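Undergrad: Please read through the structure below; I'll follow up with questions.
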Amino acid sequence: MSKPLPYSVKDIHYDNAKFRHRSPLKVFSQSLLTLNTKRNYASCSTWKFLIVILFFGLACLMLMSKSPNDSSANEKGKVTFVGGLRLGRLLRKPPRLPPRLSPDEGQLRGSSTYGSNSDPKWAARQQSVKDAFDYAWSGYRKYAMGYDELMPISQRGVDGLGGLGATVVDALDTAMIMGHNNIVSEAGSWVEAHLLERISQKGQVNLFETTIRVLGGLLSAYHLSGGEQGATNMTHNGPNPAVYLNVAKDLADRLLSAFNSSPTPIPYSDVILRDSTAHPAPGGMSSTAEVASVQLEFNYLSTVSGDPKYSTEAMKVLAHIKSLPKTEGLVPIYISPQSGEFVGENIRLGSRGDSYYEYLIKVWLQQGAKLNSDFTYLYDMYTEAMKGVRHLLVRKSIPNGLVFVGELPYGSKGEFSPKMDHLVCFLPGTLALGATKGLTKEKALAENLLSFEDLENLKLAEDLAKACFEMYEVTATGLAPEIAYFHTEEYSEDGLEGGNKSSMYAKDIIIKHADRHNLLRPETVESLFVLYRITKDTKYRDQGWQIFEAFEKYTKVKTGGYTSLDDVTEVPPLRRDKMETFFLGETLKYLYLLFGDDSVIPLDKFVFNTEAHPLPIRST
């Protein structure tokens, strides 16, 4: 970005270039004094004499000119006219000129309102996403209501997440945000009628998945429906907000057994809901991301319930991890509830590692950021970790230089792997959020809030978002695989391109046969949404629309709902028979917000949990 000039060129005509006014008399007298008369008027040159005449002529013209609203009134608050001259016009100060902007900043300001809902193109595209949500819900309601997930091709439901009707709760706040009042009524009524009973009767659930999807969905619905005087501008059908809160408390009380049963601050991974007991996963290990990604939900529950026990137990995890050794802020993906120590050396930002880093910055933001010094350690851990990412995990592909994040399967002293899960595509959005704290880049720059490191992270966010989008572009379907490898000088494989030979990055991205499926994941559109909100660059909207069109073309099922794909590199693609809950809870929500107005769920007022359920920031 070119450095902006401090003032306009015109500013040099003001006294000391500080915008101080010089009266016409002062201009005239100083001009006379600067003439080199050498005490002899007769020695003036002809051009100097002409300058004097010119000044007298201009003065006469000004005195003779009449105001179009001539008045002799001299009332209080009015300007006096003398000989038809408005004295205020002579005596007024010249306007202060705004600082000149660099070309980059000028484009930023010029695009600040582009594409809002007043733009019919984006309003229509947002409506298309709303229609897709309605289509997905109608398929679920018809064939799988009350089940966790829809199998749209088989036209039946399946319980793969504990049998708590996960799609109902995951989709509820999306329907609220979209203003789908009929769906809000249907989903809310189901929660009121069935969920408490389900919770009391069901067996094993995963602490992490149940917290982010069900507990997070209930708490977001509580706030958006007007609980604690939340989003009272949203009027929805459905039960009283207290219903959502009461169910959330009952569920959380049972989930607390994962913390209370463990001998260390690290909770067990699995909970038996009906008898409120917990046990470790097979093998005894918990995922680092899972134990460190329940804090947003438990913190908010403590805030609205008035009971600190939820937050206390959840925050012990992060305080404990703070004390453990790390590799430049990076941590292994497994941790033991028995010893409280990390297990193994595998470092990655994909599965089992991802949301640990996400929650460091988001929990800090949720708790009021700089207003609450008790949580500064979280920001410090996040900052150190992002330095470690840039130093140890970021590489460029060949031949075209896509920036990507790889893995260290054997720690920092082991071999680097150019493998990047689609899950890693949460990182561009998190980096951007961490840089500006939810403000637009324009505002953060204007208020001098961005450090050099923030600018580095924002640049990395945009570079990584490009790599994530190109994972879609290189395939025949325009949809990303679950995992991609990047061609580097140390690693290459032939014959594993994505199927789109026209992509300039076809040789940069390698897609292995086992990794070619697409699960309707949200991470890339999540980052596009955050980056659009922060940078106002409309390319992120365009990319989001392109991805949405590919979902519509290849994953929509004629009888209702959308399905995962088995191979994105072939057309027509083989289909898997599953509509994940996060397609309604995350993917369509982020696309809807991407095409909508920034005032809906503003990033400086809300944080999204890792299942896209918005929770209010404490100070707001």
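Here the Cβ of each residue, glycine as well, is placed from N, Cα and C on the backbone.
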Undergrad: Do you know which of Cys60, Cys468 TrEMBL records in a disulfide with Cys425?
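TA: In TrEMBL, Cys425 forms its recorded disulfide with Cys468.
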Undergrad: Under 8 Å between C-beta atoms and at least six apart in sequence, can you list the same-chain neighbours of Cys468 (disulfide bond), or say none if there are none?
TA: His422, Val424, Cys425, Pro428, Ala480, Glu523, Thr524, Ser527
Undergrad: For Asp354 (active site), identify the closest of the recorded positions Glu209, Glu482, Thr610, judging by Cα separation.
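TA: Nearest in space to Asp354 (active site), counting only the recorded positions, is Thr610.
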Undergrad: If one looks at the chain holding Glu482 (active site, proton donor), which residues at least 6 apart in sequence have a CB under 8 angstroms from its CB?
TA: Asp421, His422, Asp515, Arg516, His517, Asn518, Leu519, Arg521
Undergrad: Could you measure between Thr610 (Ca(2+) binding site) and Glu209 (active site, proton donor) for me? Cα positions, answer in whole angstrom.
TA: 10
